[in-house]
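Copied from TrEMBL, the annotated features are:
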TRANSMEM  9-28  transmembrane segment
TRANSMEM  48-71  transmembrane segment
TRANSMEM  92-116  transmembrane segment
TRANSMEM  136-154  transmembrane segment
TRANSMEM  166-184  transmembrane segment
TRANSMEM  204-223  transmembrane segment
Amino acid sequence: MNSDSMKCAAHATVSIVYAVAAGYALYLGVEMPKEFYKNEIFRVGRDYFWYLLCTWLGMIHHFYFGIYSAIDIIERVPPTKSLVKLVNNLHSLGSFILFSVVFPFAVMVSILFWTIFLWDREKVYPNVVDEYLPFWLNHFMHTYPLPLAIFYMATTNQKLPSKTNTFLGLLVFMAVYLIFLIKHRLMTGQWLYFVFNSSTPTQTVLLMAFSLLGPFVFHFVGYKLQIVLNDATNSYLKKDTKVQ
C-alpha cells in the first residue's frame, strides 16, 4: 500500500469512527435512565445539548474530516477542470476550518478539560458518568481532536491560509457562541457549565480568561506548528531523495 492509499484509508477510518461514535453517543443520550438526570451536568447536557461547545465542535470535526474523505473520493475519478477547482476549494476550506476552529479549540479544550478533571473531576465529568458512558467516548470529545488535528496538519493540509481571515473566522465563531452562552445565563440565572457555578469568583475569572483568550493564542501556535511540520517533511523528503 503506497502513502496515498494509506492516507485515504486513514481519512476514511477517522470519518467512519467519528460518525459511529457520534451515533452511539446520541443513542446513549436517548436511552439514558431517568435517575442519571438528577445530576446537574447530565440534566444540562440533555436540556441544552445544542448549546454545548462539544456539540458545536463535534459537528465541525465531522465536517472537517469529511472534507478530506470527499477529496479522496473525487480524486479517484478522471480529473476535469471543474473537479480540480473543486478539490482546490475544498483544500482551502479545510485549511480555513483547521486554523480558525479545529486546532485552536482542540488545544484549549484538551488543556482545560483535563486540568479541571485532575483538579476536581466532579466539576466537569463526575464519577457517576462512568456508570453509563464508556470512557473512550469522553476521549472523542476532549482528547482525540488534538492529535488528529496535528496528524492532518502533518499529512494532509496543503495550504497556509491568511492569518487575518482565520483570525476573523475564529473571532466570529467565538462571538456567536458567547451570544448563546450569555443567553443561557440570562434565561436561567446559571452558567451553562457547572464548573463556573461551583468555583470561587477568582477561579471562575481565570477559567473564563483561559477559555476566551486561549483559542486566539493557539490560533497563532497552529501556524508555527504547521511551518515546523512542513520543514520536517521537506527535510525528510530531501534525505529520502538523496538515498534513492
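From the backbone N, Cα and C atoms, a Cβ is placed for every residue, glycine too.
Heads up, TrEMBL stuff is auto-annotated, nobody curated it.
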Task = Determine whether the transmembrane segment (9-28) and the transmembrane segment (166-184) share at least three Cβ pairs under 8 Å, counting only pairs 6 or more apart in sequence.
result = no
Inquiry  = Under 8 Å between C-beta atoms and at least six residues away from its ends: which parts of the chain pack against the transmembrane segment (166-184)?
reply    = 48, 51, 53, 56, 96, 99-101, 104, 190-192, 212, 215-216, 219
